[in-house]
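What follows is a short report on a single structure.
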C-alpha cells in the first residue's frame with residue numbers, strides 16, 4: 001500500500017490585493033509566533049537535547065534516530081492502534097516489519113551506527129510497550145550502552161507500567177522518555193481505551209481510564225524528580241479529545257514535562273483500527289496547527305514530529321530502515337566510532353557557520369506587523385535548502401513575519417518524479433495540498449510543476465539552493481516586502 005497523502009483536507013484561500021496570501025492557510029489564521037524552541041534554556045538541558053532529533057527541532061536537521069522493535073507485548077488497547085497491520089510503505093507509530101530479539105537488536109544497532117554517522121539516539125518505541133515488555137527492553141538497552149557508549153538511549157511508553165521501572169531507567173542512563181497521554185479526564189479516556197491490563201487483571205471502562213491516568217501522572221512526576229527529560233505525545237482525535245488537550249497540556253506542564261507533541265489521528269479504514277473501521281475522521285492540517293498554537297505558553301510544543309514507525313532508522317523524513325534487514329547484521333561486527341566522531345566535528349562547524357550567517361541575515365524589517373508569509377521548503381537535512389521538489393517525501397512549512405519565523409508543520413507526500421518521469425496524478429495531489437501557501441523554496445524544480453504551482457498562486461524558486469533555511473526565508477521575506485524585482489529570486 002502506498003503511503004500517499006494524508007486524508008486531512010487543506011483548503012485554499014483568496015489572495016490579498018497585493019497578490020500575497022499572507023495570513024491564512026486552509027481555514028486557519030496564523031499568529032505572528034516564532035519558533036517554539038525556547039531561547040533561554042539551562043546549559044544542562046541544552047546538553048541533553050542538542051543531538052536528540054525528537055527533543056530538539058535544530059537537532060533533527062543533523063542527527064538520526066533508530067527504533068528497535070523488540071517490545072512486542074502491550075498492556076492497553078487504544079482505539080487508534082492495530083499493531084498487526086504492516087506495510088513497507090506505511091509510516092505510523094506501532095508499525096514494524098520485523099520483531100527483533102535483544103541480540104538481533106544489538107547487531108542491528110552496531111550495523112547502523114557504523115553506516116549512519118548521524119545516528120545519535122537509539123530507542124525502543126514498540127511495537128508494543130517498552131515498560132510492559134520490560135525484560136526485552138532491559139536486555140536490549142544494557143548491551144547497547146556497553147557496545148555503543150556515545151549514543152543516547154530513550155524509550156516510548158503508554159505510562160501504565162512506567163513507575164516501577166523509573167529507577168532502572170536512571171541506572172541504565174536512559175535520559176529521555178516519551179509518554180503517550182491522551183486525556184486527564186477518565187470519562188474522555190473511555191472513548192479512547194477499551195481496556196487495560198494492570199496488576200494481573202483486565203480493567204474496562206472508567207476504571208481502566210482512571211488507573212491509566214493515575215499511573216501516567218505518577219510516572220511523569222517520577223521522571224521529573226530524577227532528571228529524566230519527558231516528552232508527552234498526544235493523539236488529536238476530533239470530537240473526542242481535541243479541546244481537552246489544552247487541559248492535558250496544563251497538567252503535564254505542572255508535572256515537569258519538557259515538551260508536548262500533539263499528533264494527528266491516523267484513521268485509515270485499511271489499518272483495521274476501531275476508529276478507522278468506524279470512520280472517525282482525522283484532523284485537518286489547519287485544525288492541528290491551530291491547536292498547537294493554542295498550546296503555546298504552556299509546555300514547549302513540538303512541531304517537527306514525523307509519527308515514526310517502531311523500526312525507523314535515519315534522519316526524520318529520510319527513513320533507511322529497509323537498508324538494514326535481518327540478514328544484513330554480521331554476527332561479529334564491532335562498533336567503530338571514527339565516522340561518527342568526524343561527522344560530529346563537521347556538524348559543530350556547520351552549526352557555528354549557520355549561527356553566523358543567520359545573525360548576519362537578521363536585519364530588522366520595516367513592515368506592517370500583520371504582514372506574514374507562508375513558505376514551503378524541501379530539504380534533505382542539514383538545515384539547508386537542498387531538496388529537489390520532484391524527489392521530496394515531505395515539505396516543511398514555515399511562517400515568517402517581521403517578528404521572526406517558525407516551523408509550523410510539515411506535509412508527508414509521495415515523490416512524483418521517479419526514474420526521470422513524473423507521475424501526473426501524484427503531482428496534482430501535491431499541488432492541491434500546497435494551496436494557500438505563498439512560496440515554495442527548493443533546490444530544483446521542473447518547468448511544468450513550477451507553472452502549475454504558479455496557476456494556484458504559489459511561486460516556486462530554486463534561487464536559494466544550498467542556503468540555510470532560516471537565511472533563505474528571511475531574505476525572501478525582505479525581498480517581497482520591499483517589492484524588489486523577484487526575477488532573481490523567483
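A Cβ is built for glycine as well, from the same backbone N, Cα and C atoms used for every other residue.
As given in Swiss-Prot:
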DOMAIN    60-309  domain 'Radical SAM core'
BINDING   74, 78, 81  [4Fe-4S] cluster 1 binding site
BINDING   80, 128, 180  S-adenosyl-L-methionine binding site
BINDING   305, 308  [4Fe-4S] cluster 2 binding site
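Here the features listed in Swiss-Prot are painted onto the structure.
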residue : record                               : CB count, 10 Å
74      : [4Fe-4S] cluster 1 binding site      : 22
78      : [4Fe-4S] cluster 1 binding site      : 19
80      : S-adenosyl-L-methionine binding site : 23
81      : [4Fe-4S] cluster 1 binding site      : 26
128     : S-adenosyl-L-methionine binding site : 27
180     : S-adenosyl-L-methionine binding site : 21
305     : [4Fe-4S] cluster 2 binding site      : 19
Cα distance, residue 128 (S-adenosyl-L-methionine binding site) to residue 81 ([4Fe-4S] cluster 1 binding site), nearest Å? 10
Return the member of 74, 78, 305 nearest to residue 128 (S-adenosyl-L-methionine binding site) in space, with distance defined Cα to Cα and candidates limited to these binding-site residues. 74
Return only the integer: C-alpha distance in Å from residue 180 (S-adenosyl-L-methionine binding site) to residue 305 ([4Fe-4S] cluster 2 binding site). 14
Distance from residue 80 (S-adenosyl-L-methionine binding site) back to residue 74 ([4Fe-4S] cluster 1 binding site), taken between C-alpha atoms, in Å: 14
Taking the Cα atoms as reference points, how far is residue 80 (S-adenosyl-L-methionine binding site) from residue 305 ([4Fe-4S] cluster 2 binding site) in Å? 18
Return the maximum Cα to Cα distance in Å (whole number) over the record's S-adenosyl-L-methionine-binding residues: 80, 128, 180. 13
Cα-Cα distance linking residue 305 ([4Fe-4S] cluster 2 binding site) and residue 78 ([4Fe-4S] cluster 1 binding site), given in Å to the nearest integer: 20
